[in-house]
Amino acid sequence: TPGPLGNGSMSSTFLLSGIPGLEHMHIWISLPLCLMYLVSILGNCTILFIIKTEPSLHEPMYLFLSMLALTDLGLSLCTLPTVLGIFWVGARDISHDACFTQLFFIHCLSFLESSVLLSMAFDRFVAICRPLHYASILTHTVIVRIGLASLGRSVALIFPLPFMLKRFPYCGSLVLSHSYCLHQEVMKLACADIKANSIYGMFVIVSTVGVDSLLILFSYALILRTVLSIASRAERLKALNTCVSHISAVLLFYTPMIGLSVIHRFGKQAPHLVQVVMGFVYLLFPPVMNPIVYSVKTKQIRDRVAHAFCN
């Protein structure tokens, strides 16, 4: 196990952390964590299965929802081994290469989720503001291109990060705050100048989460303007109701992500426990809650889920 090392020696592993001060409770804390992972994996697999097997759901809105479910499933699966390893058997060591691979997938899937949420906002904009052109604008070819462009952007932006981290020497006490690897955490453990990593990290966040969130806000400003011009109050509520699930997904994703970024960059005085809890909320809450929100708020999904489980 790597402990504090002198500047002359370097360790080949990092140490992940559970919940500080509650190590004796880890086996009990693992129970709700396991439940959340189970709900996330089963929920997102159910959404994917229902959309795949029901031809009437092969529409743009549900195809984007399947992209969201696939991304959430990936996020859950790439943190599952290290989180349960720590809480079940106290396996804290992680090699540099394994850590860099994990952070690549975590960040890549996080920014992919941001892109998918933007795509879903565009879908709602076209459905409400350009209803007559909906089918001609959002064809299956366009949806596939949007999906590939979103994936390409995420991979291209995150791909340099593991290599930028790999060139650093790491020395001292190599303890990470979370049960998984994040770029902003790992780079702080390098005994070298990390200015380039810090600047590039900010550029990636601004060009993905920053741009996407502004475009989502802009989409909803246009949607609101169109909805308010509808004469009938019932039709206004019906139009807005189709956006509730998406707005919930946006808030579930961006709120903890922004909170965690702020804590990592500016909250040096924040208790360590706050960082750890925010980390779990950021990576576990959206994958757990999105299938529940969409199952409750979307009639077609709700009916299919009820039908699947009743039969």
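Every residue gets a Cβ built from N, Cα and C, even glycine.
The domain 'G-protein coupled receptors family 1 profile' annotation in TrEMBL covers 43-294.
Marked as transmembrane segment by TrEMBL: 27-51 (among others). Within the chain, the transmembrane segment (27-51) has long-range Cβ neighbours (under 8 A, six or more residues past its boundaries) at 18-19, 57-58, 62-63, 65-66, 69-70, 72-73, 76-77, 80, 83-84, 87-88, 280, 284, 287-288, 290-292, 294-295, 301, 304-305, 308.
The transmembrane segment annotation in TrEMBL covers 63-91 (among others).
Annotation source TrEMBL lists transmembrane segment at 103-122 (among others).
Annotation comment: TrEMBL describes 134-159 (among others) as transmembrane segment. Residues 60, 63-64, 67, 104, 107-109, 111-112, 115-116, 119, 122-123, 126-127, 204, 207-208 of the same chain lie 6 or more positions beyond the ends of the transmembrane segment (134-159) yet place their CB under 8 Å from a CB of it.
Residues or ranges marked as transmembrane segment in TrEMBL: 199-223 (among others).
If you look at the transmembrane segment (244-267), the same-chain residues 6 or more away from its ends with a CB under 8 A from one of its CBs are 68, 110, 113-114, 117, 120-121, 124, 182, 184-185, 205, 209, 213, 216, 220, 274-275, 278-279, 281-282, 285-286, 289-290, 293-294, 297-298. As annotated by TrEMBL, transmembrane segment applies to 244-267 (among others).
Look at TrEMBL and you will find 273-294 (among others) tagged as transmembrane segment.
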Most CB pairs under 8 Å with the transmembrane segment (273-294): which of 63-91, 103-122, 199-223?
63-91
Folded-back contacts onto the transmembrane segment (103-122), same chain, C-beta under 8 angstroms, at least six residues removed:
61, 64-65, 67-68, 71-72, 74-75, 78-79, 146-147, 149-151, 153-155, 157-159, 161-162, 165, 180-183, 186, 204, 208-209, 212-213, 215-216, 219-220, 246, 249-250, 253-254, 257, 283, 286
